[in-house]
Amino acid sequence: MTALQSNQRADFATISQWIKPGAKVLDLGCGDGALLKYLKTTRNIRGYGVEIEDANILASVKNGVNVIQMDLEAGLSGFESHSFDYVILSQTLQAIEHTERIVREMLRVGKEGIVTFPNFGYWHHRLQVIQGRMPVSENLPYQWFDTPNIHLCTLKDFESFCHEHGVHILERTVMHEGKTINFLPNLFGNLAVYRFEQQS
Amino acid sequence: MQDSSSIGIVTPQVAHFSTPLKLKSGAVIESYDLVYETYGTLNADKSNAILICHALSGNHHVAGYYTEHDKAPGWWDNMIGPGKPIDTDQFFVIGVNNLGGCHGSTGPASINPKTGKPFGASFPVVTVEDWVNSHALLADQLGIFQFAAVVGGSLGGMQALQWTLAFPDRVSNALVIAAAPNLTAQNIAFNDVARQAILTDPDFHGGDFYAHDVKPKRGLRLARMLGHITYLSGDVMGTKFGRLLRSGIFNYGFDVEFEIESYLRYQGDKFAGTFDANTYLLMTKALDYFDPTHHHQNGSLSDALKPATANFLVVSFTTDWRFAPERSREIVQALLDNERNVSYAEITSSHGHDAFLIVDPYYHDLVHAYMNNISLGAAK
């Protein structure tokens, strides 16, 4: 499920800063469980990962984190409403088939949602499209024909999606190579990190 | 011939208990034996003990060989041994035979000291709870207060779950494999057909067949044949046997024609020759009765599992239709509701319920990884 391995840790510190110590966290598409392990160390969280790939389940167990093998495309029916402080979707949103449903489920199960995704609006990606090619880059490393990424978006796209779906954005950090980008982030940032809640 | 990674030659031991054990049914067993085997070395602070709970027809012989000429090792030898997922270089592993069993622990075929005759039909009904209570007494005798892990598949998984409810302080980790929180009506139905096959065998004599020097082999054979069908998947039966005929042609009779008939009859005969009919009745009844939600008014599994504080690894197999993955997910959900540490793996396998006994790299790697992360010597 994790569509992107490279540059993954860049968003860990940002996510960690947003999370209250001792919080209860659900990490969707948790991959090898590295984020949960990191948050256990930095924020003393209690958490579970959700994964579908056997190899990632094994890696998560090796990392000593709780992991539940299930297909999150089928929804999060095993999880009670409002049972987590944060539901995280780290670099997985773009590989999800039912985007609206997963965001809705994140905000049903968690008080807040956190997503990170590669910014399709990053200048290097735009340049490649202008040159007539689908972008291939460090954080979009796949060729068009073998990519797990089916719903790529830009910062603007995601923010208008949130606006239309009653999702209130609480915080945003846009990054490039681990550094925060404040100037024209939709052009110069290649990784977006958002924290949001249900609009009241 | 022995495989080099096996624990090697092992010897069963007998623990005797002279303090009466009150059973869940209200009956009392005055004194009893439990047969068990141990592998590996108990460490100084006795924190590396693993208890292996057996399934319906299992016993204490979980790994290793009794003699150099044994054709087959203990029933979970592929899981337990030096360097194996449950590593006997690291852990002190105990396999125990349940009360009511027919492999040395006190059971229906044992002599009742009061009468000098086999217990037979008078042997009381035993439950999963009774087994766990008796195993806790065995642990006391071995000086083990807390198990690093209690591990079991199928009915053994139910025992592992019960351990976490009855003795939460005494279990650090529970591995609940191919199990369910309770049986479905369909499962109870299969069990009753198996029991009826035994109970209606003319050689059963109301359970006191020992006195008649006979065994209700026909009933036991049918019970095992039925059980065997339910432990396999349709796919694996199709792949292994399909519609293969022994002689290549239809004989238009009722003798063995299809290979699957031959296989089931062979398995049934083998089992009927060695297993005790009363034990089969008791074990299937224990399965039927187990239900942690039974005493909870709203039947909530989340409420029922509240006492469990162990860390859990729950494992199911995709083609297991007798203890289907959905049933394991119920356990997982109840543990999540209680915010317990739990990991859940759904193993893709074609082998049905029996998959938990079969080598599968992902399954074995997973158990190995989980066991490797168990910290010994530290309080939970």
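Note that Cβ sites are derived from N, Cα and C of the backbone, with glycine treated the same way.
TrEMBL has this to say about the protein:
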ACT_SITE  B:Ser154  active site, nucleophile
ACT_SITE  B:Asp320  active site
ACT_SITE  B:His353  active site
BINDING   B:Arg224, B:Asp354  substrate binding site
DOMAIN    B:48-344  domain 'AB hydrolase-1'
SITE      B:Arg322  site 'Important for acyl-CoA specificity'
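Structure coloured by features recorded in TrEMBL.
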residue: B:Ser154; record: active site, nucleophile; DSSP (3 states): coil
residue: B:Arg224; record: substrate binding site; DSSP (3 states): helix
residue: B:Asp320; record: active site; DSSP (3 states): coil
residue: B:His353; record: active site; DSSP (3 states): helix
Is it possible to get the count of other C-beta atoms within 10 angstroms of the C-beta of B:Arg322 (site 'Important for acyl-CoA specificity')?
22
Got a sec? Which of these recorded positions, B:Asp320, B:Asp354, has the most Cβ atoms within 10 Å?
B:Asp320
Rounded Cα distance in angstrom between B:Arg322 (site 'Important for acyl-CoA specificity') and B:Asp354 (substrate binding site) is 10
Listed in sequence order, the recorded positions within 10 angstroms (C-alpha to C-alpha) of B:Asp320 (active site) out of B:Arg224, B:His353, B:Asp354 are B:His353, B:Asp354
Return only the integer: C-alpha distance in Å from B:Asp354 (substrate binding site) to B:Ser154 (active site, nucleophile).
9
Take the C-alpha atoms of B:His353 (active site) and B:Ser154 (active site, nucleophile) and report the distance between them in angstrom, rounded.
8
The number of other Cβ atoms within 10 Å of the Cβ of B:Ser154 (active site, nucleophile), counted over all protein chains shown, is 26
Relative to the Cβ of B:Arg224 (substrate binding site), which residues of the same chain, six or more apart in sequence, are found under 8 Å away?
B:Ser57, B:Ala194, B:Gln267, B:Gly268, B:Phe271, B:Ala272, B:Phe275
Given the recorded positions B:Ser154, B:Arg224, B:Asp320, B:Arg322, B:His353, B:Asp354, which pass a C-beta cutoff of under 8 Å against chain A? Sequence order please.
none
